[in-house]
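Enquirer: Here's the feature list from Swiss-Prot:
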- 3-23: transmembrane segment (TRANSMEM)
- 38-58: transmembrane segment (TRANSMEM)
- 219-246: domain 'PLD phosphodiesterase 1' (DOMAIN)
- HIS224: active site (ACT_SITE)
- LYS226: active site (ACT_SITE)
- ASP231: active site (ACT_SITE)
- 399-426: domain 'PLD phosphodiesterase 2' (DOMAIN)
- HIS404: active site (ACT_SITE)
- LYS406: active site (ACT_SITE)
- ASP411: active site (ACT_SITE)
Amino acid sequence: MTTFYTVLSWLTFFFYWLLIAGVTFRVLMHRRPVTSTMTWLLIIYILPLVGVIAYFAFGELHLGKRRVEHARQMWPSVVAWLEELKKCKHIFAKHYSDVAEPIFQLTAKRQGINGVKGNKIQLLTTCEDSLNAITRDINNARDNIEMVFYIWQSGGLVEEVTEALIQAAKRGVKCRIMVDSAGSRSFFRTNGPARMRAAGIEFVESLQVNLFRFFLRRMDLRQHRKIVLIDNYISYTGSMNMVDPRYFKQDAGVGQWIDIMVRMEGPVSTTLGIIYAFDWEMETGERHLPPPPDNNIMPFEQANGHTTQVIASGPGFPEELIQQSLITAIYSARKELVMTTPYFVPSDDLAHAISTAAMRGVDVSIIVPRSNDSFLVRWASRAFFTEILEAGVKVFQFEDGLLHTKSVMVDGQLSMVGSVNLDMRSLWLNFEITVVIDDECFASDLSIVQYDYIARSTQLTLDEWEKRPFMNRVLERLCYFFSPLL
């Protein structure tokens, strides 16, 4: 019996270290930021079994066999569709402003199409304005309505959107809605989805979360885009979920969420449409490619139209493109750079680009909420404040709610608006969307909103920051340790 237990112990010991060695090799063979690799290795060695389970659940980007197969099957059709779109040469811009040209060159190289011109873009600065505008456009829809949101929650003005969708479906408009399973889990416990499906709306739960899928697909990979498409002509995107902030997370203690959206008319809606079609087919297996732009209704030739590029991220899209675009925009800045984000946990490359911009004389401002709904992110973000404050970056802490707006404005000319947070999850993992707009008037509108945020904020100075308690510094560093995983 003693021999049996001895052999069993040695076999356990052997397989244990074989498992650790195998997972270590797997971690090292995946290309990722060094800080992320080191963090995973430390977790695996400090908490071996827990670390191994956590790594296979959250450490690798895998969609699941079914979605991978859908993506593989549809890619040739997407490529063919893009080639057809390129034949509409009059919709593509040939010239950009000096500050915008580098980012448009980058995105054209990585995505295969240039920016599109002749768009009409309106900045919607409150959730009330955004929800009312969406409802009006739904009421006027004739052909199709497509939406994707991370969070959908009933209450307030969202009920008007829902009722408008139901009435649109009843009059024959094709309605397809996709919402994230984790972000909208409370909504799926209500009769809301069933009510819309009964009206003829296709309502899909994206990236479903349950115990049986835990090891089949990465659970923290989320559908974080916010897109509305109407009649292949009108589109919306931005930071707002399908929620009325007066009824959303009122017990979180952070105040109402503050968001912006952009309403767009023109060929940019077609480029958003192919992204939605990709997501829909990956989730359902159904193919609904958008039609090419209609020459009779698209405002191609408007001299004052906005030049726009859409950047998408997530599995199946060009890797790291949103981070590359952000860094390119930052290095293009010569006078002014203003950024708003609810979660500031940047990669080292992004943090260094921001600091370098300030050190070379650019007026850099970052606006973040004083309080947000994530304990880890709140403290991890503060670990970056010393570096950027010492470089001369102005840090403003928004006092009037949870500032959820994700925006970038460069030199009063280049703007970026979308769903992307300045954290590792948005930059490296989730399905995200950002629109890049090369237009002085739009940048002026955005800067007015950003400076309104600053007026409702408190500036954090380096002297004040260095006086924070020692335990705060310890907590910041502990949370910073996990920043590559946030």
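The backbone N, Cα and C atoms fix where each Cβ goes, glycine too.
Situate these features within the shown structure.
Expert: Across the domain 'PLD phosphodiesterase 1' (219-246), DSSP classifies residues as 2 helix, 11 strand, 15 coil.
Within the same chain, residues at least six positions away from HIS224 (active site) with a Cβ under 8 Å of its Cβ are TYR150, ASP180, GLY183, SER419, SER426, ASN430, PHE431, GLU432.
Annotation for LYS226 (active site): same-chain Cβ neighbours under 8 Å, separated by at least 6 residues, are VAL148, PHE149, TYR150, TYR236, THR237, GLY238, SER239, MET240, ASN241, MET242, MET261, GLY418, SER419, ILE433.
The C-beta environment of ASP231 (active site), restricted to residues of the same chain at least 6 apart in sequence and closer than 8 Å, consists of ALA141, ARG142, ASP143, ASN144, ILE145.
Helix, strand and coil residue tallies for the domain 'PLD phosphodiesterase 2' (399-426), in that order: 3 helix, 13 strand, 12 coil [DSSP].
For HIS404 (active site), other Cβ atoms within 10 Å of its Cβ number 26.
All chains included, 25 other C-beta atoms sit within 10 angstroms of the C-beta of LYS406 (active site).
Using a 10 Å Cβ-Cβ cutoff, ASP411 (active site) registers 20 neighbours.
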Enquirer: State the non-local partners of the domain 'PLD phosphodiesterase 2' (399-426) in its own chain: residues 6+ outside its ends, Cβ under 8 Å from one of its Cβ atoms.
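Expert: For the domain 'PLD phosphodiesterase 2' (399-426), the sequence-distant neighbours (Cβ-Cβ under 8 Å, at least 6 residues beyond its ends) are 36, 97, 99-100, 103, 123, 150, 220, 222, 224-226, 237-240, 245, 252, 254-260, 262, 311, 313, 322, 325-326, 329-330, 332-347, 350, 367-373, 377, 432-440, 442-444, 446-447, 449-450, 453, 456-458, 483-486.
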Enquirer: Would you kindly give the Cα-Cα distance separating ASP411 (active site) and HIS404 (active site), rounded to the nearest Å?
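Expert: Approximately 22 Å lies between the Cα of HIS404 (active site) and that of ASP411 (active site).
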